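Among the features that Swiss-Prot reports, repeat 'WD 1' is placed at 75-115. As annotated by Swiss-Prot, repeat 'WD 3' applies to 166-205. Per Swiss-Prot, repeat 'WD 4' is recorded for 209-253. The annotation compositional bias 'Low complexity' is assigned in Swiss-Prot to 429-460, 866-882. Annotation source Swiss-Prot lists phosphoserine at S462, S465, S915. Feature annotation from Swiss-Prot assigns ubiquitin cross-link to K472, K680; the stated evidence is experimental evidence. What Swiss-Prot lists as repeat 'WD 6' is 592-632. Here Swiss-Prot flags 884-896 as compositional bias 'Basic and acidic residues'.
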Amino acid sequence: MNRFRVSKFRHTEARPPRRESWISDIRAGTAPSCRNHIKSSCSLIAFNSDRPGVLGIVPLQGQGEDKRRVAHLGCHSDLVTDLDFSPFDDFLLATGSADRTVKLWRLPGPGQALPSAPGVVLGPEDLPVEVLQFHPTSDGILVSAAGTTVKVWDAAKQQPLTELAAHGDLVQSAVWSRDGALVGTACKDKQLRIFDPRTKPRASQSTQAHENSRDSRLAWMGTWEHLVSTGFNQMREREVKLWDTRFFSSALASLTLDTSLGCLVPLLDPDSGLLVLAGKGERQLYCYEVVPQQPALSPVTQCVLESVLRGAALVPRQALAVMSCEVLRVLQLSDTAIVPIGYHVPRKAVEFHEDLFPDTAGCVPATDPHSWWAGDNQQVQKVSLNPACRPHPSFTSCLVPPAEPLPDTAQPAVMETPVGDADASEGFSSPPSSLTSPSTPSSLGPSLSSTSGIGTSPSLRSLQSLLGPSSKFRHAQGTVLHRDSHITNLKGLNLTTPGESDGFCANKLRVAVPLLSSGGQVAVLELRKPGRLPDTALPTLQNGAAVTDLAWDPFDPHRLAVAGEDARIRLWRVPAEGLEEVLTTPETVLTGHTEKICSLRFHPLAANVLASSSYDLTVRIWDLQAGADRLKLQGHQDQIFSLAWSPDGQQLATVCKDGRVRVYRPRSGPEPLQEGPGPKGGRGARIVWVCDGRCLLVSGFDSQSERQLLLYEAEALAGGPLAVLGLDVAPSTLLPSYDPDTGLVLLTGKGDTRVFLYELLPESPFFLECNSFTSPDPHKGLVLLPKTECDVREVELMRCLRLRQSSLEPVAFRLPRVRKEFFQDDVFPDTAVIWEPVLSAEAWLQGANGQPWLLSLQPPDMSPVSQAPREAPARRAPSSAQYLEEKSDQQKKEELLNAMVAKLGNREDPLPQDSFEGVDEDEWD
């Protein structure tokens, strides 16, 4: 063979399309795994959305000028780590997740409803599923990797055929050879292994692949002898290696690229030998031709991307535009779009070029799982890509049979988002579905429900049966109020307050914000005096020690409690007219803790009662009038992340770094009354009582650093959470702000740009998602204001303060209503008077209980909408079509002629030429 042969792909060029051809306005998610995050069949594209456990589904080909619509499929209760389409059935999708299961889904055709439940569930595994792939020759076999374990599954029986020998560390890649006989794995222990799963579970061959243990990936060539690996060398440089399984001790060829941190995703077309390398977080694609005969990795072309790459996938060869010499098509997943990038070989003649498009594997499996396991090595019959030889035989897998169509009168439509028509207005974003389905942890049983991605249907009853309940607050919109109400020119803010603190606090009169200057200074801003602050220094409270948390007394708007790193709590009295000078002497200093204080919480009903948690692992209950701690709670084994009083003030709940949630009755004893499992992650957590004190909501992290919500029954903590809802992956703890009147909770973290909004229910489905609020720049915190600050005339459900880098702005959450002239009593029940105490500290400590007064928010000049007179339905005039249907063709013709004659009329007006003046007779000469 000529060593210096000329490649037929040497002139291959990448052709990014125009923006009109993009699948735009999607919301792709970022995941910590090094998988593709997008896959394609000949009909559909599936990709990770920005909601954990939810995939976006979109057609591969558009229909004329109609925009492609994205449907959302709720697959798992946790992050989807990997996905794969069947090589034989375009509508059979497998998904693996951090919830430790593998699920198989039958996706519908255009205009049909997405499934509400998987057809097959494999697992659960002991660890999150990291890798999965369908078998290339047999329908119903797939390989999956979870932790150090690799299993080969018979999906029809929902049982593993074999479990390969344990690896030395986390398995990063597991792929089938093209003939389906071997499995290759790449592991974090730097070893590349080859298995023959039908012969023995141990590796038949192994070698050191890459010198660095960072992410490594594998891809087989068209034959079983050769495969390609990507990874990092000892110098942290990215490299690609070509291997021959017959000479496995060293690589045939290697290629070193650069020192970028993004892992390389190898997209290898085994028929052409073209390899596209996609680096996550980068803006460039590299294309090489893999030539095992030389051996060599020959560069072909490079493509500069317009946006950052989050994932990539190859389109199957049967879907390529072969008449335009498209030899590859890469789907680039970015944050907001899917960009199809075609690789074309320039040719003069517009015809089918057999040298570029050899026969490829068809879509009919060669064997069944039982025969394959018994040793059958039949290969999939090849088909020609020549359009003149099509269509080819099709195949529908029996693993998940297609669903029977519903009757026309109740057939649902897919919950779709028109791509390119998304609302671009700033302020809020609509959820893919009004129902967010949480999961029950695996120790408690199967998932309670699944987000179906189903949307509107002709019948409201069928909609409710398909979607389940939806929140009446789902259309609430967050809006930043006019700039006249902002406080601007804030300088020197302390943005590094401990994670246990909200960062600032507010009541209806003023805001307290810690400053970065030494001495633990706290600025007090008057909400009644908005505008630009002076450039000069503000009068402050000189705390004397760095501030760890602060809280306003709910019954005295002029008293502020400030906790310091010196284990002391200082109570400050702010003058009624505001802070006009620097205060250095607090009203009271509370001492008792031996370590730095974490959190402060005032009692909701009793005056002068304050709870504090500390790094000394205790919670102390203070009598502020006496200036001493009266109760001390124990039992924590690690740092206390958060504490919260129950609405009736009788119980206190805590969440701790030791992974436990505890409930105390402080007046009954120092030990916890109940104890249950909390979030697994140790990065931070928050706890709040919800649903009239029947439930506890905990926000925290799982073991994969994903932010999640856990809902507990307050009387049964030991049984674990009722439901768990995963949100996203971010470093900051979600801070919950709960409105007991509506059952709505606002959730956001320091440094976030999005505020989640959910309605909480004490029974399934527990979480109902509403519109979230988004902003172009991150905020430093969010604090909910009292209910009396809401403008009920504008149906304002909640008002909060948003702290930015240099300003403080109010945000109102309003519900669109048509008849605003009436008081919306269905969303504004009587609210508790939380600014007046019910008990004294001494009475509460002696065992007394009470209930807060209730106050109506209805203005005196408004009547409730429940008593509004019903509007009579407008009478619709019969359409002309109804009259025409009752007339014969002859009558229609006569009426048409009469109408034309009547329009023209019998006009006797003089003609234009009658008004012309002629010439004299003698002028004719």
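First residue shown is number 1, and so on along the chain.
Cβ atoms here come from the backbone N, Cα and C positions, even for glycine.
Note: the repeat 'WD 1' (75-115) comprises 0 helix, 17 strand, 24 coil (DSSP; helix = H, G, I, strand = E, B). Secondary structure at K680 (ubiquitin cross-link), as computed by DSSP, is coil. Under 8 Å from some Cβ of the repeat 'WD 3' (166-205) lie the Cβ atoms of residues 34, 130-131, 133, 135-138, 143-150, 152, 211-213, 215-224, 227, 229, 231, 243, 245, 248, 270, 372-373, 375, 377, 379, all in the same chain and six or more residues away from its ends. Applying DSSP to the repeat 'WD 4' (209-253) sorts its residues as follows: 0 helix, 20 strand, 25 coil.
Each residue in the repeat 'WD 3' (166-205) gets a DSSP state, and the totals come to 0 helix, 17 strand, 23 coil. For the repeat 'WD 3' (166-205), the model's pLDDT averages out at 92. Sequence-distant contacts of the repeat 'WD 4' (209-253) (same chain, at least 6 residues past either end, Cβ-Cβ under 8 Å): 34, 169, 172-179, 181-182, 184-192, 194, 259-260, 263-268, 270-271, 273, 275, 277, 279, 288, 290, 292, 294-297. In the three-state DSSP classification, K472 (ubiquitin cross-link) falls within coil. According to DSSP, the secondary structure content of the repeat 'WD 6' (592-632) in residues is 0 helix, 23 strand, 18 coil.
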